[in-house]
Protein chains: 6
Amino acid sequence: MSSSNCTRPSGRTPTQLRPISISRAFTKHAEGSVLIAFGDTKVLCTASVLEKVPPHKKGSGEGWVTAEYGMLPRATHTRSDREAARGKQSGRTQEIQRLIGRAMRSVFDLKVLGERTIHLDCDVLQADGGTRTAAITGAYVAARDAINTLLDSGALKSDPIIDSVAAISVGIYQGVPVLDLDYPEDSSCDTDMNVVMTGKGGMIEVQGTAEGAAFSRDELNALIDLAQEGIRDLTQLQKEAFK
Amino acid sequence: MSSSNCTRPSGRTPTQLRPISISRAFTKHAEGSVLIAFGDTKVLCTASVLEKVPPHKKGSGEGWVTAEYGMLPRATHTRSDREAARGKQSGRTQEIQRLIGRAMRSVFDLKVLGERTIHLDCDVLQADGGTRTAAITGAYVAARDAINTLLDSGALKSDPIIDSVAAISVGIYQGVPVLDLDYPEDSSCDTDMNVVMTGKGGMIEVQGTAEGAAFSRDELNALIDLAQEGIRDLTQLQKEAFK
Amino acid sequence: MSSSNCTRPSGRTPTQLRPISISRAFTKHAEGSVLIAFGDTKVLCTASVLEKVPPHKKGSGEGWVTAEYGMLPRATHTRSDREAARGKQSGRTQEIQRLIGRAMRSVFDLKVLGERTIHLDCDVLQADGGTRTAAITGAYVAARDAINTLLDSGALKSDPIIDSVAAISVGIYQGVPVLDLDYPEDSSCDTDMNVVMTGKGGMIEVQGTAEGAAFSRDELNALIDLAQEGIRDLTQLQKEAFK
Amino acid sequence: MSSSNCTRPSGRTPTQLRPISISRAFTKHAEGSVLIAFGDTKVLCTASVLEKVPPHKKGSGEGWVTAEYGMLPRATHTRSDREAARGKQSGRTQEIQRLIGRAMRSVFDLKVLGERTIHLDCDVLQADGGTRTAAITGAYVAARDAINTLLDSGALKSDPIIDSVAAISVGIYQGVPVLDLDYPEDSSCDTDMNVVMTGKGGMIEVQGTAEGAAFSRDELNALIDLAQEGIRDLTQLQKEAFK
Amino acid sequence: MSSSNCTRPSGRTPTQLRPISISRAFTKHAEGSVLIAFGDTKVLCTASVLEKVPPHKKGSGEGWVTAEYGMLPRATHTRSDREAARGKQSGRTQEIQRLIGRAMRSVFDLKVLGERTIHLDCDVLQADGGTRTAAITGAYVAARDAINTLLDSGALKSDPIIDSVAAISVGIYQGVPVLDLDYPEDSSCDTDMNVVMTGKGGMIEVQGTAEGAAFSRDELNALIDLAQEGIRDLTQLQKEAFK
Amino acid sequence: MSSSNCTRPSGRTPTQLRPISISRAFTKHAEGSVLIAFGDTKVLCTASVLEKVPPHKKGSGEGWVTAEYGMLPRATHTRSDREAARGKQSGRTQEIQRLIGRAMRSVFDLKVLGERTIHLDCDVLQADGGTRTAAITGAYVAARDAINTLLDSGALKSDPIIDSVAAISVGIYQGVPVLDLDYPEDSSCDTDMNVVMTGKGGMIEVQGTAEGAAFSRDELNALIDLAQEGIRDLTQLQKEAFK
């Protein structure tokens, strides 16, 4: 595993993120609205405050945080069917939106939130690999904005967000662990891992999958090292977005 | 019907369009990709070239042009359910996408297009009234770009597009015919009409609906006069987008 | 646009309606039940009184009027799939039933109706063009009957119906504006327009579509002139049905 | 079980059918179109000839006969949801249409029919008990008409129909076996049985259900005796419909 | 109809049941859980006590008994599609689960049950003919166990079950009436009948279908004789299962 | 993280698996049929050989391996809705069946398999935590059996299975890393991880989720150590099942 002989299609070094941009207030109606770009991957993340909770939380005094994910039909190289027209969300879509929801709930104190829901919608406008990690990283910023409106208005007295959260992908590309896979890497790498961590460095999700050959324990360790570094950078960029 | 005592919420004169912007190549994968804004209404229109046709055109030597429409859940003031999650498109969505498809086919010579499909996807990122008229106006530009790629590559020898097409809404607001309704006007006006016309001035669709009181023949005439003017301007803006 | 050289397949003059018949109390359970025939187009329109309202009207003190539309599978030349078996209503079906609902609500004072629903079901037993205009014209008669039962029983003290409503199609067939298109005309005409008007002559809906070539402003005017005449006749026939 | 003390709500004797009418060519497009009335139960049965077969018959040289059943929403005392709007057919609907299909296939020689489908649509316009038995009895007449058109045109050289088929309900009402239950009887009887037989007297289906108390072997025998008589009469009426 | 020349594929005599086994407490969570085998047909029947009733029973003081039926995809010779993946239950499935539900309700006094539901789930692990009759016979035992838990806990003061219920199939195989059809017989017999009876001998359901040729009244009688004997044996086996 | 003060509800030591049993040929129709038990979790895994491939593999010369997962409604403490009745599979179900499919494909050489599909069905008869890991471990044995039938019959000349595969869950329960979580542990543990590995020790999937507090890198390492041990044992038990 030497990074010397790896040539990433983008010319990035193995440990280099794509250019990241985080634009707040991208649309005007949502309480939080963020366009996040991880290179050519662009995801619109909105956070809506709903003054109701799902049935399993009714009367509990606790709130809920949930997420939905979608991809515009031509966000990708070739057009995909529109899920609304097909009449159901794919297994992939459901898997991703469940992941985003769990990630966001991991930094919320639902008691402090009170009986309301923060509903995150992550819609991919353009896809180039890493849409779920961009979605989580952007959704946090949108949720932060939505909560700030509640704090500003006095609807919330104290802050239900206990930490920030961000996500990044890592993988073994041509034998080398690399950070933040873009589509050309993602579609040809051997192992693909998504890591979700909090701003304080706690691990929330580790999802590694051998796409071709199995991976070793050493490779696993190297990938997680890389992800930890990447998330430190993303956490910093999330902070800067609020300046 | 005097325009003197009408105060539009936006401060516009009765015959004034909202600021219109047309941004081509907004996303990178689609053969045509246009972000069109009618004021705060923002619709992403992509045109995809598919080298196949629906069953009813197979073997006919003719192509097809079709459209799908969607609205991001938080494009609106309050969050709407995601149609993919609900498992079906609403009647409103289907009505709009059928309208867009008819409008686009009205300016296509399907024989010249040959056995391929131009699939238009119009997704509303932010809604403030007039999403269907913005969608039609933007979809034309996206389709034009997609066809240009086919002409440039030699896949098409001659141009299947026979005219441009654009659309605008008009309505009776506080007793006065006004052009290009925004959301505050749309939700409180008496009559709402969408007009689709070609660049050469031919009428493609006229859809007028009395929301409250019925409208008179004179009002109908005044509204169509107004729409004709508005579409002349939109046609000009479509041309300028290609400069 | 001269009517001299137009030969309608049915031998009718351009301004001639098909034979219209309106049979009340066609079935026995519904509060209003009308079989309406526009020539060979036969639609069974029932009006049901439901002592409940949809969620958006609950507690408002207002009622609701809504419509559903269906076509028996073999109402047409070739058998169509049964929508119940396919598991969803087509876009065309939804578009039509939304149109019928709007048309009916345009002549109802929902406050006077009180918190109940008039549910109109328009089912096409035999189709030969103009099913939606027959449906609207017949649904009004069924609704009138249903309201009369409520007035007779004392459930309603005053009449929530403020005007009658009827609809007709017009189109440009072989260059000539003609009234009340039958199927052979409908499937080959250039422009097709459906007009909904009240008994007092107010316009409720104008939906004109260029099927082939675009239409001109003069043609639009001629078509609406023709529709106004046709609806005057239909309004008279609706009145006679109650004698 | 004495018939002396049974008073049927309709005043009929225990062995008396309701007035039966069979109107052929009720609608104009279908190859067979029959409105059948068993008293106030009215079912429109159409038979469509489709020059294709379902996958399991492709290339077999054999045809197929199938049926679909529907009920207009206000065919009943209180409005039922429209199955097309709900997005699925009820278990009851599917059970009935499967029964009709089996009954019709029992009198067809699918080899003689050749690779085409006879698709029967049975739509209840008005319901007053016994819709499935009326549907089977009427569907046979519609199928007979459809096959006759194929024989007349020469598309078929010999007749694929080997017998007629009809159906009737019987039940124990107030302790007495009665023929052809109407709705008031059906909804309060203890045992309800539907019997399908051919014109030559062969039994095709016997479906008996205890609604309240269980029934005895003697009651079963009495009910089937009654059904045999009823079907003999229906067979005669089917023959007369062709005169 | 002589039984002398009939050779059943299994070597059984015409009046012989397959080996029947009834295993209670097969799984641990359900209030009643029975694995029933009719030869190679194996059905897991669970009875769940739910402290709620469907809408039509709310506030009635009465309970409800209902059933659902499923078949594991590879319970059969060739794999069937999973109904959950296809998104709907087949007509056959719905027909069977409605039959099971009716059979079970026939031996319940819903007033004594009180406002709770006994929900029976019958899932076929291995199919070899007769799954619906095994399901009914096993579901009774599961329901009995579930009710016993309610009686034991004092939740019920008196027993809502008024009789036992069981079911068996009979058919004409090679001209001979035979009991308890297995798959090879079922798929090639002329007439197939399912009979449901109570332990006291009352008839609940008789469903006979001519698969090929019609059947005669004599054959019907012979089949029911046979079924009565078979159900007597099943009733005895149900009793023994509780020893 | 000391194991001294952890008391597992089952009394197991932190590194102890539940009793595992693997019963081959559990049902008779499938080419592979395995009932696997991880303690009280019981999953029926069948492998079906289908002589067809999904569209994306047609003509590729390669085969496909896929999986579906289901849970009987009363496999759990309280009854869950039947997915076939609800009309769709939950996100959880889809996530699990996608995981099983990926795990199985990781040990298959699809070229050697040839254009056929191994379809794995994993149906949970009784659930007590760890259903997905039991399903993967059992599905491998079923697939192995199905491939053996193809090798035995000569349909396959060489073995497409390149390694075995098994899965286990690990988690932090009361501060201690424990192996093979049962339901009481699963529902109250802080971190839950599923690990899939091959018989040769290659890692296929690592899916760790913080349920409550985030987990540290050290905890991650300890959990993976534990999982590696557990999978070594499961691999041994899979081998023994074939003796």
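Positions of Cβ are set from backbone N, Cα and C atoms, glycine also.
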Given TrEMBL lists E:Gly130, E:Thr131, E:Arg132 for phosphate, the same-site residue among E:Arg82, E:Arg86, E:Arg92: E:Arg92
Same-chain residues at least 6 beyond the ends of the region 'Disordered' (E:75-94) whose Cβ lies under 8 Å from its Cβ atoms: 69, 124-127, 183
Cβ neighbours within the same chain of E:Gly130 (phosphate binding site) - under 8 Å, at least six residues apart: E:Arg18, E:Phe38, E:Thr41, E:Ile168, E:Ser169, E:Asp180, E:Leu181, E:Asp182, E:Asp186
Largest inter-residue Cα distance among E:Arg92, E:Gly130, E:Thr131, E:Arg132 [record-listed phosphate binders, Å]: 13
C-beta crowding around E:Arg132 (phosphate binding site), within 10 angstroms: 24
Least surrounded among the binding-site residues, given as E:Arg92, E:Thr131, when other CB atoms within 10 Å are counted: E:Arg92
E:Arg92, E:Gly130, E:Thr131, E:Arg132 excluded, remaining Cβ within 8 Å of their centroid (phosphate): E:Tyr69, E:Ile96, E:Val124, E:Ala127, E:Gly129, E:Thr133, E:Ala134, E:Ala135
